[in-house]
Amino acid sequence: MATTVMESIGRVFISLQQIRQFPQLLTDAAPSMPGTVRDTEVPSYFRERYVCTGYRPLNQNWRYYFLSLFQRHNETLNIWTHLVAFLVLLIKLCQLTETVDFISDRHSWPLLILVLSSLTYSAFSVVAHLLGGKSDLAHYCFYFLDYVGVAQYQYGSAVVHFYYAVDESVHGLVSGIFMPTAAILSCLSCLGCCYGKYCNHSLPTWVRKVCQVVPSALAYSWDISPVAKRLFFWSSSDPAIIYHFGQVAFFLSCAFFFTCPLLERCFPGRCDFVGQSHQIFHVFLSCCTLCQIHASYLDFVGRRKLYSSLHGSGDVVLFVGLYVVTLIMCVGIAALMLRKVKQVLDFKLKSK
């Protein structure tokens with residue numbers, strides 16, 4: 001028995017030693033990885049307000065940016081917050097497939113759209129924060145991709161709220177216009193975010209925030225409206241209501257931290273690695289998404305009789321098709337704005 005215990009302790013000790021050696025192994029694998037630089041050494045549109053250090057140098061090889069996943073810089077936690085969220089959402093999807101028939105049950109398709117759109121926006125966010133420091137063009141390309149992810153997630157939010165959470169009175173008022181309007185607002189949100197980023201060349205930072213926040217706020221107000229009546233007249237017998245309250249509270253919190261760099265402003269230069277408002281925004285947005293998915297699942301299970309009577313058999317197919325159209329439109333908007341960015345960058349290069 002004693003021999004067995006000692007062997008087990010020895011294996012644990014070896015495992016801990018290997019874990020402790022991982023940073024050194026990474027350094028040995030990439031000995032030429034350059035350190036981070038100050039904000040004055042990167043273009044102005046790469047900089048975040050009150051974040052002074054921790055920027056990765058531009059124009060390194062792709063391997064450097066992929067390996068920077070394990071490096072300390074000012075994007076590290078922005079990457080990992082949504083990378084962890086992506087993995088949690090993937091586990092959530094696997095759990096849902098055990099109780100939900102996403103293939104045969106058409107009524108489950110809006111829930112699937114929400115989960116897939118959530119995975120997409122978190123994955124695109126990881127890519128943007130991980131690879132957006134490669135070059136000027138890569139910065140715009142990957143962040144425009146991030147905005148496509150946000151826009152299609154807005155549509156995913158709208159479809160579950162309208163399909164599962166809406167009641168008869170609200171459905172009767174907006175049944176013909178709700179989802180087309182949600183699709184249009186998602187595209188406008190993508191356009192606003194891309195245009196705000198594009199304007200970084202010539203206009204102040206607050207212009208970007210206005211272009212991003214106003215269309216997104218309009219989209220959220222519309223997308224959450226089917227839930228609003230239930231929130232105002234909530235009942236303790238409604239199992240999903242606490243999660244709907246949770247998703248709204250988390251969304252309002254993440255909206256605050258997205259628009260206001262509170263900690264960086266109070267402690268300039270001290271939040272370069274941890275404590276940035278954008279990191280907190282990521283955490284709250286992920287919590288909002290998880291609450292939203294669980295609330296939608298509870299509505300899918302508990303309100304089936306109601307939503308089955310409200311939505312015709314062809315509605316869900318139409319909503320899936322509209323999701324695909326919205327995604328294609330957002331990709332087209334991002335591609336168009338990227339073309340304009342490339343023209344500006346080419347002009348600057350020729351004028352040097």
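Glycine too: its Cβ is placed from the backbone N, Cα and C atoms.
Unlike curated entries, TrEMBL annotations are predicted automatically.
Here's what TrEMBL has on this protein:
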BINDING   His129, His278, His282  Zn(2+) binding site
TRANSMEM  79-97  transmembrane segment
TRANSMEM  109-131  transmembrane segment
TRANSMEM  137-165  transmembrane segment
TRANSMEM  177-198  transmembrane segment
TRANSMEM  241-259  transmembrane segment
TRANSMEM  317-338  transmembrane segment
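TrEMBL feature annotations superimposed on the structure.
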residue	record	Cβ contacts under 8 Å, 6 or more apart
His129	Zn(2+) binding site	Glu75, Asn78, Ile79, His82
His278	Zn(2+) binding site	Glu48, Asn78, Phe257, Phe258, Pro261
His282	Zn(2+) binding site	Leu77, Asn78, Thr81, His82, Ala85, Ser125, Cys254
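Packing against the transmembrane segment (241-259) from elsewhere in the chain are residues 165, 209, 213, 217, 220, 224, 227, 230-231, 234-235, 277-278, 280-285, 287-289, 291-292, 294-295, 298: each is 6 or more residues past its ends and has a CB under 8 Å from a CB in it. Of the Cβ pairs linking the transmembrane segment (317-338) with the transmembrane segment (109-131) and spaced 6 or more residues apart, 3 or more are under 8 Å, so the two regions touch. Listed by sequence, the residues of this chain that lie at least six past the ends of the transmembrane segment (177-198) yet keep a Cβ under 8 A from its Cβ atoms are 45, 140, 143-144, 147-148, 150-152, 154-155, 158-159, 162, 207-212, 214-216, 218-219, 222-223, 226, 318-319, 322, 325-326, 329-330, 333-334, 337, 340-341, 344. A Cβ distance under 8 Å defines the sequence-distant neighbours of the transmembrane segment (79-97), meaning residues of its chain 6+ beyond its ends; these are 69, 111, 115, 118-119, 122-123, 125-126, 129-130, 279, 282-283, 286, 289-290, 293, 297. Neighbouring residues of the recorded Zn(2+) site, listed in sequence order and excluding His129, His278, His282, comprise Glu75, Leu77, Asn78, Ile79, Thr81, His82, Ser125, Gln276, Gln279, Phe281 (Cβ within 8 Å of the Cβ centroid).
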